[in-house]
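Engineer: This is the structure I want to talk about, given as structure tokens.
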Amino acid sequence: CNVGIINGLSGWMSSLDDAPADTITRRFRYDVALVSALKDLEEDIMEGLRDSELDDSVCTSGFSVMIKESCDGMGDVSEKHGGGPPVPEKAVRFSFTVMSVTLVTDDKEGEVTIFTEPKPNSELSCKPLCLTFVDESDHETLTAILAPIVAERNAMKESRLILSIGGLPRSFRFHFRGTGYDEKMVREMEGLEASGSTYVCTLCDTTRSEASKNMVLHSITRNHEENLERYEIWRKNPYSESVDELRDRVKGVSAKPFMETQPTLDALHCDIGNATEFYKIFQDEIGEVYTKVNPSREERRSWRTALDKQLRKTLRLKPVMRMNGNYARRLMTQEAAEAVCELVPTEERREALRELMRLYLQMKPVWRATCPAKECPDQLCRYSFNSQRFADLLSSTFKYRYNGKITNYLHKTLAHVPEIIER
């Protein structure tokens with residue numbers, strides 16, 4: 001896999017189509033891309049210095065730049081009418097966002113923030129670094145392509161960049177935070193087993209059955225260094241244990257962690273995962289599963305049909321093959337819960353469903369917000385209380401669904417959100 005370093009300014013004078021036809025990846029050199037991004041922010045940085053009343057000529061060193069890194073697969077990018085070179089049908093994009101620029105001054109205490117990205121989650125502030133025709137599940141090719149990025153990043157962590165901003169050479173340090181990954185990519189980068197594993201969480205060591213018994217009380221324990229140590233134990237098996245004992249010792253780390261990620265929760269997939277869960281609860285409540293032993297497929301199908309029909313009638317919500325973000329947002333509303341309640345036979349169960357949705361809607365803004373402490377401080381304060389109530393409801397009224405199993409995102413939603421935000 002020939003991954004050279006490409007001149008970061010390529011594509012300015014000439015068009016990007018100069019790449020030979022069999023190229024599977026194009027990337028910018030990381031440092032050149034960062035220079036380019038900072039040059040784009042030159043005016044904002046100068047304005048920030050003026051606003052903070054910092055004398056421009058004094059501020060030449062001590063700039064700190066926080067970089068958020070993101071990487072995701074891009075699904076089907078096949079050519080619709082053929083004729084191009086034979087490349088994989090999927091693509092992966094690695095990109096970064098300049099989150100903030102701060103300045104450590106001698107006279108003022110601590111750091112002064114010169115620039116903050118107003119829309120850090122917008123695709124407009126997200127700069128692509130590497131575009132690759134590769135399936136994100138193809139671990140070998142992906143690591144071969146991203147390895148040089150990791151190497152460049154490690155080199156930059158230790159060094160300073162001197163760049164002319166506002167006519168004076170200034171010195172920048174970079175801090176990288178890998179927070180723009182979904183769970184699938186985090187598991188791949190950190191050497192964890194895939195998402196169907198007994199080890200349900202990328203943030204703590206709990207197993208699926210433990211997480212379903214104790215839904216709320218977990219703290220974030222996994223980190224990159226520990227994952228590396230555990231991989232070494234997995235590789236060497238120093239205590240000559242059986243596979244099961246060994247796997248329990250390393251808590252599902254069975255590949256070499258490749259890139260450091262920070263503990264986060266991917267809000268979109270969290271919404272989708274939880275909406276899928278609610279959709280199933282709705283079906284079960286319509287069919288009163290809590291009274292039955294094991295209903296047939298036909299019965300289940302009829303409940304699903306009834307649910308789809310009701311949602312289409314009351315909310316004009318068309319059924320979808322796979323849950324998507326838009327469907328999830330419309331399903332997770334109080335009016336959807338009311339529509340479902342019309343089909344639920346007993347008042348007691350209706351009340352429980354309404355309460356479940358009410359608690360969920362209290363919790364949701366917290367992991368949806370860009371800056372929860374500013375945007376929804378009240379919900380953030382009440383989060384632990386709400387999640388505890390939510391978990392109590394699940395383990396009492398809805399315990400038929402959570403006997404020894406829980407979904408990955410529901411576990412994270414209930415157990416980890418406040419700590420992620422605090423970090």
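Glycine is treated like the rest: Cβ placed from N, Cα and C.
Pasting the feature list from TrEMBL:
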DOMAIN    1-61  domain 'V(D)J recombination-activating protein 1 pre-RNase H'
DOMAIN    65-197  domain 'V(D)J recombination-activating protein 1 RNase H'
DOMAIN    199-261  domain 'V(D)J recombination-activating protein 1 ZnC2'
DOMAIN    263-423  domain 'V(D)J recombination-activating protein 1 ZnH2'
Engineer: Give me the DSSP three-state residue breakdown of the domain 'V(D)J recombination-activating protein 1 RNase H' (65-197), ordered helix, strand, coil.
Structural biologist: 30 helix, 59 strand, 44 coil
Engineer: Under DSSP, the domain 'V(D)J recombination-activating protein 1 ZnC2' (199-261) has how many residues in helix, strand and coil?
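Structural biologist: Summed over the domain 'V(D)J recombination-activating protein 1 ZnC2' (199-261), the classes give 27 helix, 3 strand, 33 coil.
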Engineer: Restricting to the domain 'V(D)J recombination-activating protein 1 RNase H' (65-197), what is the model's mean pLDDT?
Structural biologist: 90
